[in-house]
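Structure record follows, encoded as structure tokens.
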Amino acid sequence: MYKLLKKSGKARRGEFTTPHGVIQTPVFMNVGTLAAIKGAVSSMDLKEIGCQVELSNTYHLHLRPGDEVVKKMGGLHKFMNWDRPILTDSGGFQVFSLSKIRKIQEEGVYFNSHIDGRKIFMGPEESMRIQSNLASTIAMAFDECVENPAPREYVEKSVERTTRWLHRCKDEMNRLNSLPDTINNKQMLFGINQGGTYEDIRIEHAKTIAKMDLDGYAIGGLAVGESHEDMYRIIDAVVPHLPEDKPIYLMGVGIPSNILEAVDRGVDFFDCVLPARNGRHAHVFTKEGKINLLNAKFELDDRPIDEGCQCPACKHYTRSYIRHLFKAKEMLAMRLCVLHNLYFYNNLMEEIRDAIDGDYFKEYKERKLKEWGGRA
């Protein structure tokens with residue numbers, strides 16, 4: 001259940017109560033594709049750096065180790081030793097982005113595994129069953145993420161099919177949640193708004209799915225090559241047509257400036273691999289924007305990554321030392337930078353929540369954008 005606590009302009013401060021705890025929103029979900037953050041970050045680390053929600057990938061876990069294995073091990077929470085909320089995506093995005101050979105039909109999608117090439121089928125019911133086996137807190141509906149740009153006629157047909165799939169997802173989840181051997185029989189379902197960059201298609205789809213009384217609503221199919229202006233335009237068009245008493249999730253968007261702009265437009269949930277991926281390549285976020293620790297100017301820099309930061313890396317190590325670790329190809333380098341970046345994001349969201357609570361979010365946003373100077 002979502003409770004709206006405060007608004008600052010259109011920015012929303014809320015609480016989302018789940019079977020695995022209360023999520024303070026706006027929130028950034030830390031992405032652990034295979035039930036772990038790439039970069040040797042443990043579930044204990046995630047708690048230390050303020051992670052509220054972990055996100056895992058249905059498609060990848062279905063292939064390895066297999067959702068049946070996870071179910072036999074008691075579900076994702078027990079498997080990865082994490083007692084806070086977990087969101088699993090539906091696998092739809094990976095089916096359409098990773099598989100070069102796929103066939104879309106009304107019942108679902110036939111595609112080839114990106115690992116061994118074997119033929120796999122996934123539809124709404126299969127996605128729900130896999131996510132039920134994983135026993136995540138929040139399951140995402142199975143949808144088609146169309147390429148951008150895509151012909152209007154195709155987008156219209158795709159959105160209609162995605163709506164039919166959403167009804168099937170809801171029916172299947174209700175069935176699964178009623179079974180005696182279901183680990184999490186209070187699993188929640190978020191629907192996904194699609195429609196490419198066509199505002200009218202997006203709006204009609206938002207109105208349609210808003211009637212279904214789901215636990216939350218996502219805006220999908222963005223951050224796939226469109227301009228930031230197009231992204232903001234679509235968010236502006238869609239958000240007013242989604243229920244105000246449900247959380248709104250902008251999928252796959254994680255550039256800090258994009259997060260601020262989306263919060264300013266009423267978005268509550270975010271996720272992205274960006275902070276962890278950047279950290280693994282020595283790109284770290286600071287109050288002044290993003291820097292590359294491999295640059296020669298940091299060789300003798302005895303400052304922490306970001307002065308004043310309370311993450312494990314900044315409390316104990318210098319830019320010079322971490323740069324040396326990267327040059328020496330030591331795994332500790334990746335770990336420290338991933339921890340720092342995730343802490344930066346989680347702390348950013350805490351500052352955003354405080355700014356909305358204090359009704360100074362607009363001023364906060366403008367100050368942060370000025371500090372970053374287009375470097376974040």
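Cβ coordinates are placed from backbone N, Cα and C, and glycine is handled just like the others.
Copied over from Swiss-Prot:
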- D89: active site, proton acceptor (ACT_SITE)
- D271: active site, nucleophile (ACT_SITE)
- D89, S90, G91, G92, F93, D143, Q194, G221: substrate binding site (BINDING)
- C309, C311, C314, H340: Zn(2+) binding site (BINDING)
- 252-258: region 'RNA binding' (REGION)
- 276-280: region 'RNA binding' (REGION)
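Excluding D89, S90, G91, G92, F93, D143, Q194, G221, which define the substrate site, the same chain contributes V95, F96, M140, A141, F142, E144, C145, I192, G220, M251 within 8 Å (Cβ to the Cβ centroid), listed in sequence order. Between the two most distant C-alpha atoms of the annotated substrate binders (D89, S90, G91, G92, F93, D143, Q194, G221) there are 15 Å. Same-chain residues that are not part of C309, C311, C314, H340 yet have a Cβ within 8 Å of the Cβ center of the Zn(2+) site turn out to be P304, I305, D306, Q310, P312, A313, K315, L339, Y343, F344.
Closest by Cα distance to C314 (Zn(2+) binding site), from the recorded positions D89, G91, G92, is D89. A 10 Å radius around the C-alpha of C311 (Zn(2+) binding site) takes in none of the recorded positions listed as S90, G91, F93, D271. Annotated pair G91 (substrate binding site) and C309 (Zn(2+) binding site), C-alpha to C-alpha distance, rounded: 35 Å.
A distance of 37 Å separates the Cα atom of G92 (substrate binding site) from that of C309 (Zn(2+) binding site).
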